[in-house]
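As given in TrEMBL:
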type: TRANSMEM; residues: 37-55; note: transmembrane segment
type: TRANSMEM; residues: 67-85; note: transmembrane segment
type: TRANSMEM; residues: 158-177; note: transmembrane segment
type: TRANSMEM; residues: 198-220; note: transmembrane segment
type: TRANSMEM; residues: 226-250; note: transmembrane segment
type: TRANSMEM; residues: 271-291; note: transmembrane segment
type: TRANSMEM; residues: 334-358; note: transmembrane segment
type: TRANSMEM; residues: 365-388; note: transmembrane segment
type: TRANSMEM; residues: 400-419; note: transmembrane segment
type: TRANSMEM; residues: 431-452; note: transmembrane segment
Amino acid sequence: MPLVMVCALMSALVLPVFTRSAATLLAGQWPEAGQALAVASNSVLGVIAVGLVWHFNLGRSISRRRIFVLGAVLAAIAGFSPPLLEDDFYRYLWDAYQWHTQASPYTYSPSDFFGDEQLAPRWQEILTGINNPHLKTLYGPVLQYLFYLAYWLAPGELWAWQLVLWLIYLGGLLLILKTCADKNGPLCYALHPLILQEAIASAHPDLLVGLLLLVALLCWQKRMPVVLGAVLGVAIATKVSALVVAPLFCCVPPSQWACRVNAEQSSRHSILSWLCLTSMAVMLMLVLFYGPVVWHTARSGASASELDSLLVFGHQWRFNPLSYRVLELFLPAALARLLCALVLLFGCLGLITLMLALAHRYRRLPVVFLLLLLLFLSPVVNPWYWLWLLPLACYLARPWVVLVAVFAPVSYINSTVLAQINSQYLASTELPFLVPWWVTLLQLMAFAWLLLSEWRWFASGSSDN
């Protein structure tokens with residue numbers, strides 16, 4: 001156990017220590033080199049810690065209280081690190097400022113404020129750091145409320161937003177500790193390097209989506225359709241990626257929901273009642289969160305909410321694609337995107353149909369499988385997207401998913417980051433953020449293995465856990 005503690009502590013420490021000092025000591029004039037070294041060191045130390053936990057079943061030898069304290073300390077240490085190779089946090093701070101000054105972050109794009117001499121120097125600095133400033137925000141209203149909470153604590157300060165994320169992280173750790181019988185899962189959540197790096201140091205809010213989906217799974221297991229629908233509505237209003245798994249939760253009731261699962265009429269009635277209750281709760285929450293946004297944008301004459309930016313994201317953005325990159329070799333980009341979307345759609349419908357037709361056999365909900373399929377098919381696979389499924393994987397004790405997620409930052413090996421650290425590797429390409437093919441192939445093999453492993457776990461399930 002001491003070895004795991006040492007690795008976990010070092011994994012957290014390299015984020016602030018390496019980022020602030022390695023650029024000076026090792027990289028001279030290129031601060032990005034220190035950040036890249038911090039990411040690599042964090043992953044190496046983290047995979048040792050996570051691997052030891054699962055291999056030696058170390059969760060049994062530490063109390064839940066100590067796991068909570070360990071997680072709180074590691075996340076607090078990681079919070080002293082500036083964001084690593086990321087600039088998305090500028091958008092979070094700016095959205096909160098827009099909410100405060102314009103009553104909505106969806107009305108104007110950041111580029112509309114270029115040249116505004118009335119902006120304070122701090123906000124000028126934040127405005128300059130925003131990527132894709134010509135686009136309006138694409139973050140949902142739930143995140144906008146949280147951005148504004150950080151603004152209320154300290155306007156324009158990243159530490160306030162990291163404090164909000166630290167509290168969300170601790171809430172998730174408490175939830176997993178309370179509900180997970182196997183303490184290896186909570187322990188891995190507490191020391192997982194990807195969570196420390198992306199959810200705390202780099203300040204990405206995607207961990208909230210994963211935690212909301214975990215709450216949804218718990219509600220599904222406890223046969224609470226109205227609460228389940230409400231949680232799903234909040235998750236969708238946080239990030240639209242939750243839409244992918246929402247039909248699975250809404251259409252497939254747990255096996256105990258029907259009083260007589262062998263009676264066809266009773267089974268149909270239970271499915272319809274479950275679908276109606278969950279769907280109505282989802283719609284109610286979406287109306288509550290998006291209603292004020294639509295009303296305000298209608299008054300201002302602007303386009304509705306984040307839809308415009310989401311459409312640009314869906315049609316144009318591309319980073320670290322996996323199966324989509326292979327399809328691009330043979331198909332036009334638009335057709336490849338359409339094909340990936342159709343495979344995801346029919347995959348989800350097929351899972352729902354299979355579970356409804358063979359409810360007596362398939363009693364586990366393959367949420368992790370479906371999220372892995374989403375990443376496998378998506379044209380954009382950022383490292384922090386793994387946060388959508390990590391809380392679920394820790395709760396369900398899926399060790400290989402937890403372990404492979406440690407290597408998600410491998411996509412930082414791309415042409416833009418390498419150019420920033422003056423590396424000549426991929427220097428011949430003019431494409432930004434180009435990931436080498438060997439990195440793509442390694443990820444494809446890992447995803448194929450994980451999908452097969454998750455399918456076997458789903459097919460062998462005999463309980464709702």
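Backbone N, Cα and C define each Cβ position, glycine as well.
Long-range contacts of the transmembrane segment (158-177) within its own chain (CB-CB distance under 8 A, at least 6 residues past either end) are made by residues 64, 67-68, 71-72, 75-76, 79, 82-83, 89, 92-93, 146-147, 149-151, 183, 185-186, 189-190, 195, 199-200, 203, 205, 207-208, 210-211, 214-215, 391, 394-395. In this chain, the transmembrane segment (226-250) lies in contact with the transmembrane segment (334-358); the count of Cβ pairs under 8 Å, excluding pairs fewer than 6 apart in sequence, is at least 3. Of the two recorded stretches, the transmembrane segment (365-388) lies close to the transmembrane segment (226-250), with three or more CB pairs under 8 Å once pairs fewer than 6 apart in sequence are set aside.
Listed stretches 67-85, 198-220, 226-250, 400-419 were compared with the transmembrane segment (431-452); the greatest number of C-beta pairs under 8 angstroms is found for 400-419.
Between the transmembrane segment (226-250) and the stretches 67-85, 271-291, 400-419, the greatest number of Cβ pairs separated by less than 8 Å involves 271-291.
Remote same-chain partners of the transmembrane segment (271-291), defined as residues 6 or more beyond its termini with a Cβ less than 8 Å from a stretch Cβ, comprise 140-142, 225-230, 232-234, 236-237, 246, 249-251, 253, 257-258, 305, 356.
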